[in-house]
Every structure is written in C-alpha cells, then in structure tokens.
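Residues annotated as transmembrane segment in TrEMBL: 7-24, 30-50, 71-93, 99-124, 136-158, 184-205, 225-243, 255-274.
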Amino acid sequence: LNMVLDQWFLVCLGIAILIAYLVPNLGRKGGWIAAQYSIVYVCPALIFFISGLTMNSKVFLKSATLYRVHLVAQILSYMFTSCILFVFAYAALMSDDPHLSTAVIAGFILLGCTPTTIGSNVVFTRNAHGNHAATLVEVTIANLLSPVLSPALISMYMSSTDKWGDFRPAGKSSGGYSTLYRSVFKQLGLTVFVPLFVGQVLRFFFEKQVTWFALKFKINKFSQVFLILIMWSTFSSCFYTGAFDESSSQTTALVLMQNFGVYWFFLFVTLLITRGSHKLRFKNKYLDAFVGFFRFNKRDTIAICYVVPAKTPALGVPLINALYSHSSINDQAKQMLQIPIILYQIEQLCFSSLSVPVFRRWVADEEEE
C-alpha cells in the first residue's frame, strides 16, 4: 500500500490518459477548455511559481555559477542523445522495412534534437532530493539554446541521405524559424521567468508566511498535479488527431521498445560519466584534472540524470510545425512525426517517477553529512 501511495503520480497519470482517450475534445488544444492557454501556459507557470516560493534565493544563485554542471548537462543532452538517436533512425531507414513508417523514424531524429523538459525535471529532482535549483537553470539554458541548436542539428542529420525525402527541413528560407523563436521566448517568459520572479519576490518579503504556507499545504505536491494536466492535454490532442491510428503495430512496438532502451541507456551513461569518474585517479595532474571535470556530488548528479534523458513535446511540437510549415507533407504525416516524442514523454515520466525513491535513498548519506 505504501508503494502504491508513493507512486500515486503514475496511477493518476494512467487515469488522465484514459480520460484523454475517451474524451479527447475536452483537453486538446483548441478544445472545450482552450487547453492551448488554460493548460499549456497556466500549468507550467504554476509549477515554476511554486519553485520560486519554495527555493532559497542564495541556493539558486549559487547553482547558477555551477558551470561544470551546465556544460556537461547541455553537451550530453544535445550532442550525445541526438547522435545516438540519429544512428538508430538511420539504421531503421536503411533497413527498408515496409512495416516501419518513415515519418515515425524521422520523428526519432526530432526527438533527439529537442531540449529537455521544462517542468517535470524540476519536480522530480526536488522529490528525489537532488539539486533542483541547478535543474531549473539547466532547463532554462536548454530551452534558450533550442531555437538555434535544434534546427541546425536536425538539418545536419537529415542531410545524411536523400531517402529522408520531404522530411528534410526546408531551411531558413521558409521563414518558419521566426515562428519557433516567438513560440520559445513567449513560452519561457510567461511560464518560467515571470512566475519564478514573482515567487521569489513573495518569498523575499514574506519568508516566514510563505514557508508556513508551503509546509502546511504541501504545495510541492501540486506541481505533480499540474504535470499530469499537461500530459493529459498532450495526449488529448494526439488522440483527437488520430495520429496513433495511422501507425502500424510494428512501428508502435518499435517506438515503445526504443524509447525504453534509450532512456535507461542515457541514464546509465550519465551516471557512469558523473560518478564513475570518482573511481579513476591518475598520477598525471593534467589527465586527472580533465577526468575531475566530470566528478560531481550526488545532488548535482541527480539533477544531471533528470536533465539529460528527458525530452519535451512542449517545444518538440512547435519545432515540427516551424520546420515543416512550408513542406509538402500533410498534417497526418506531421502528427506521425510527433509519435516518438509523445510516447517518449509518457515513458520518461513513468521511469522518472519510479527512480525518485531510489535516488532519494542513494543521496541520504550525503544529506546527513
């Protein structure tokens, strides 16, 4: 019973996806509750407002100076993950398997090039007792880099062969990137910077009252509720458009298994780099200094472990719309491009939730010290 209660997030997430399947018009973008505003903007804003209320300003500023964490997290999040997923997508494309949709295979490249999630990383890092202030800085940096890095990486990978056909982006001449820039900076401003600033201001002037309120009503728990609402809206849109109906069972199975494998592979490699380096000591001071660059404490390691494997549909979907705004591919193909991103999101939320109690026990000795 305790284990079930500890994983209430997964239970509620499953119920939310069921509701999205049964009544997709309720939570979809442009649906009955106008989720493109009421969910897409309000829920992330409330998550970061809660972070602003509960986070110590000195800790946040200190975390902003952790340049080693930022460099390692961003390099792994963008370069490493995109390269691995490109290799897989290229191999799948070259197999010429008639059961595999080219649109879905191309979606894996877009998945690898999208930035880390905006809200869920902060929530899970905080629940796992990691350095969630560092995670907050990481997601901000990653999503600011996305309008420049993501299209460049996608164009580079898609130029590998003519077999990608119409799924190769049209390029900057299409004018689609300006839409992406506006979408990114508008979303970051309204959902991250403004609510975080307001939360920090309230904490600065009313610290005792805010602390009492946060502990009394356990407001950190509400962040997970808002995260479930975001996923509910995402799946409602996907079910409404019928993207899953056009995907073959072989393609769907491939996506699910691939997502399962790459998530745990990314997590394992991240742990190996950030903690395995503690086992390596060299007499050569330059070599030891280089390896030491990747040595982190457990709280920072947890932050990096939640940042690197995670990918966000919040910017993945606008990225697809911007890159293919003047393309000859139809709306149904655009929806199929989103399948790897959408399914990866639900799997990563499940895996991240399951890893929280493990990380919490792992970091306990460092917290005691």
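Positions of Cβ are set from backbone N, Cα and C atoms, glycine also.
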Inset, instruction - Kindly say whether the transmembrane segment (184-205) and the transmembrane segment (30-50) touch, using the definition of 3 or more Cβ pairs under 8 Å where each pair is 6 or more positions apart. - result: yes
Legend entry - Interface-richest range of 7-24, 71-93, 136-158, 225-243 toward the transmembrane segment (30-50), CB pairs under 8 Å: 225-243
Legend entry - Residues of the parent chain within Cβ reach of the transmembrane segment (71-93), under 8 Å, 6 or more residues beyond its termini: 100, 102, 105-106, 108-109, 111-113, 115-116, 138, 141-142, 145, 149, 153, 157, 160-161, 163-164, 254, 258, 262, 265-266, 269-270, 273-274, 293-294, 296, 303-304, 307-309, 311
Legend entry - Recorded stretch, among 99-124, 136-158, 225-243, maximising Cβ pairs under 8 Å relative to the transmembrane segment (7-24): 225-243
Inset, instruction - Please give the sequence-distant neighbours of the transmembrane segment (99-124): residues at least 6 beyond its ends with Cβ less than 8 Å from one of its Cβ atoms. - result: 43-44, 47-48, 51, 77-78, 81-86, 88-89, 92-93, 132, 135-136, 138-139, 142-143, 145-146, 149-150, 153-154, 157-158, 163-165, 167, 187-188, 191-192, 223-224, 226-227, 230, 246-248, 250-251, 254-255, 258, 306-308, 310-316, 319-320, 329, 333, 336-341, 344-345, 348-349, 352-353, 355-356
